[in-house]
Amino acid sequence: MSENNLNDIDERFIHSEDPEHPANLICTLCAKFYNHGWVTGTGGGTSIKHGENIYIAPSGVQKELMKPTDMFVMDFKSKEYLRKPKVHKPSACTPLFLAAFNRGAGCCIHTHSQWAVLITLLVERNFGPNALFEIEELEQIKGIGKGRGKVGNLGYHDRLRIPIIENTPHEEDLTSSLEAAIEKYPDTYAVLVRRHGIYVWGDNVHKAKTQCESLDYIFQLAVEMKKLGLSWTIS
């Protein structure tokens, strides 16, 4: 497709009165995430798979001020952009979002949550650089799914396990490590990045958002538990 033709037709992908349309919903979600402190200083990002198209928030944009016209749209099969705003750069998170979509996700959220970063540091200090984040017997664990293809969510007595990968100077260089973590822990819906943040996904937007909120609550609680000398696991 030529650049001229691309510019002629791309606007149809982002104009909708439906608040649930991906171009509108990403803007709404990122504004909420900004208020949580998850996407401060243009950090983080969100992507939604809608049919055979992927909607992606741009890089380097204040997430609380985004508009539908800021969105990138990619064809999932060809990985070619159907819409590329000239004033923005594609998100460096894109290959990591694709890693989640390739495993059946419908939405992927990347945050720079302070609680997620602190958890990666606490795990490294207390359990070593190769350890997972593990916690059990918390009510909010019920907000996390059992795993891809499995029915229902984890229970109160289940142990939540989130893999942690090392950070890299460039975001896209995290892709192979994230993919390896997903392969090793196929039931996970999230991967922590040491000293950086977290990637969380779900079968749809609702599940991704619910799991992201649940995990952030759990991380904050886990940090406070460590302050009080309380163990994250029973045994």
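Note that Cβ sites are derived from N, Cα and C of the backbone, with glycine treated the same way.
A C-beta separation below 8 Å, combined with a sequence spacing of at least six in one chain, links Glu139 (active site, proton donor/acceptor) to Tyr156. Summarising the annotation, TrEMBL assigns active site, proton donor/acceptor to Glu139.
Within the same chain, the residues at least 6 positions away from Cys93 (substrate binding site) whose Cβ sits under 8 Å from its Cβ are Gly45, Ser47, Ile56, Ser59, His110, Glu171, Tyr199, listed in sequence order. Positions annotated as substrate binding site by TrEMBL: Cys93.
All protein chains shown were included, and the count of other CB atoms within 10 Å of the CB of His110 (Zn(2+) binding site) stands at 30. What TrEMBL records for His110, His112, His196 is Zn(2+) binding site.
The average pLDDT the prediction assigns to the domain 'Class II aldolase/adducin N-terminal' (24-223) is 97. Per TrEMBL, domain 'Class II aldolase/adducin N-terminal' is recorded for 24-223.
Within 8 A of the CB centroid of the Zn(2+) site residues His110, His112, His196, the other residues of that chain are Gly43, Gly44, Thr111, Ser113, Ala116, Val193, Gly197, Ile198, Tyr199.
Other Cβ atoms within 10 Å of the Cβ of His112 (Zn(2+) binding site) number 20 in total over all chains.
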